[in-house]
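The block underneath contains the structure these notes are about, expressed in structure tokens.
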Amino acid sequence: MSNYFNTLNLREKLDQLGRCRFMDRSEFSDGCNFLKGKKIVIVGCGAQGLNQGLNMRDSGLDISYALRKAAIEEKRPSFQRATENGFKVGTYEELIPTADLVINLTPDKQHSKVVSDVMPLMKQGAAFGYSHGFNIVEVGEQIREDITVVMSAPKCPGTEVREEYKRGFGVPTLIAVHPANDPKGEGMAIAKAWASATGGDRAGVLESSFVAEVKSDLMGEQTILCGMLQAGSIVCYDKLIADGKDPAYAGKLIQYGWETITEALKQGGITLMMDRLSNAAKLRAFELSEQIKEKLGFLYLKHMDDIISGEFSRVMMEDWANGDKDLLAWREATGKTAFENAPKADGIKISEQEYFDNGVLMVAMVKAGVEMAFDAMVASGIYEESAYYESLHELPLIANTIARKRLYEMNVVISDTAEYGNYLFSNVATPILAKEIIPALQKGDLGEPTPAVDIDNVTLRDVNDEIRNHPVELIGLELRGYMTDMKRISSQG
């Protein structure tokens, strides 16, 4: 097998990268009826597998779980999750042959094995589904010609897929049909019904491509969504301790600060986040964000280039073959950082506004990171809608995982693919920030409010205009209009 994207000519690459259409709600008037009465078998019962299955069952679909024989016999967590929720569970041999749609929701590194095991068991003309296209695009998996291959990719962790559905809403979702596998022309109908069954049509669905989903997803998770939050957490905590701040206070400011700050992003983009600051702090955050862009801009572009070329996937799959040696070493090192081991902040109260006032550097990191990730994707041929969802939109959801159990929780919730990319980025970004940004900080940048200064009206006007007119803000204003029922996700209350 070879990287599918690299087998395409330039015109085909640009076409696939640029596949992005926000679908009208009227296109989902039939809901998930296309899949009703069909047998749907999910392979894998992790966060996405379980929660998508729960939503689909509640939408009236026939859902069961195919697990490896050993997982059933040993009553592994996947078996327990499925059975405790009342699902039918069976081996591949028992369930796959009668399935009309098999959905592969196992980790990326298991996909090739799953495909080789289930493909001989699938009946003629069945469909095969993914929620991430890595196996098709980066591994270059060849699927039987009679099988329809589709994707429905919710843009958030599996737990949020369920919670949003339970409250009558949903999460934005990308859907796609693999152009090499749509023999009956039913792929889009299957993908639409699947997205509707998980609640995606209530929040907005983008018709995309496997290529656009993979390349944008990898870029977002490696840089702003995970890598920047990890690097920022480490250097900000270390700086607070160096300045003599109470370790418990410092830990809480960082742990819950990302979540509080990015909640403003969810409701009103970078503009609202910056508007939570005083005028003096806003100008300073803008200045810091420009400095961060100057120091880290090359790294964002390198990650984008390595994702487009397939170099990232090649290196990561080498680590897969080596027993995840690098991944496990980096995971262990993260667990030993000072931030991860900061004392609990029992009894320490930090108001919502204090997170902004004492976290100006963190606000600057978010602004710079979102804009750099968005710009790098768009410059590489990815449409603005996709770039928005993979940079700004998902950030509050990832920040929420840090609020729960710091970096450990973030790296547990995200995929191994995202975790590996996160370490590649943060391992380089952390020392750059520590050397180039932290030593030049001023009083009020982190850990205490920005001192009041005289404000020049023209300067403030120009900064406000620049913030509000960045392309990520313009497309975000449009897309958030489709998500009028977004709730707060704060774990703090």
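Yeah, the Cβs are placed from backbone N, Cα and C, and that goes for glycine too.
Of the residues Gly18, Gly140, Gly158, Gly168, Swiss-Prot places Gly158 in the same NADP(+) site as Cys45, Gly46, Ala47, Gln48, Arg68, Arg76, Ser78, Asp108, Lys109, Gln110. The candidate list Asp182, Asp201, Asp217, Asp238 contains one residue that Swiss-Prot assigns to the Mg(2+) 2 site with Glu390, Glu394, namely Asp217.
Separation of the C-alpha atoms of Gly158 (NADP(+) binding site) and Glu390 (Mg(2+) 2 binding site): 16 Å, rounded to the nearest whole number. A count of other CB atoms within 10 A of each Cβ picks out Cys45 as the most crowded of the binding-site residues Cys45, Ala47.
Looking at Cys45 (NADP(+) binding site) and Glu221 (Mg(2+) 1 binding site), their Cα atoms lie 22 Å from each other. Nearest Cα neighbour of Asp217 (Mg(2+) 2 binding site) among the listed recorded positions (Ala47, Ser78, Lys109, His132, Ser415): His132.
Secondary structure at Asp217 (Mg(2+) 2 binding site), as computed by DSSP, is helix.
The most densely surrounded of the binding-site residues Glu221, Glu390, Glu394, judged by C-beta neighbours within 10 angstroms, is Glu390. Counting Cβ atoms from all protein chains shown, Arg68 (NADP(+) binding site) has 19 others lying within 10 Å of its own Cβ. With a 10 A radius on its CB, Lys109 (NADP(+) binding site) counts 21 other CB atoms from all the protein chains.
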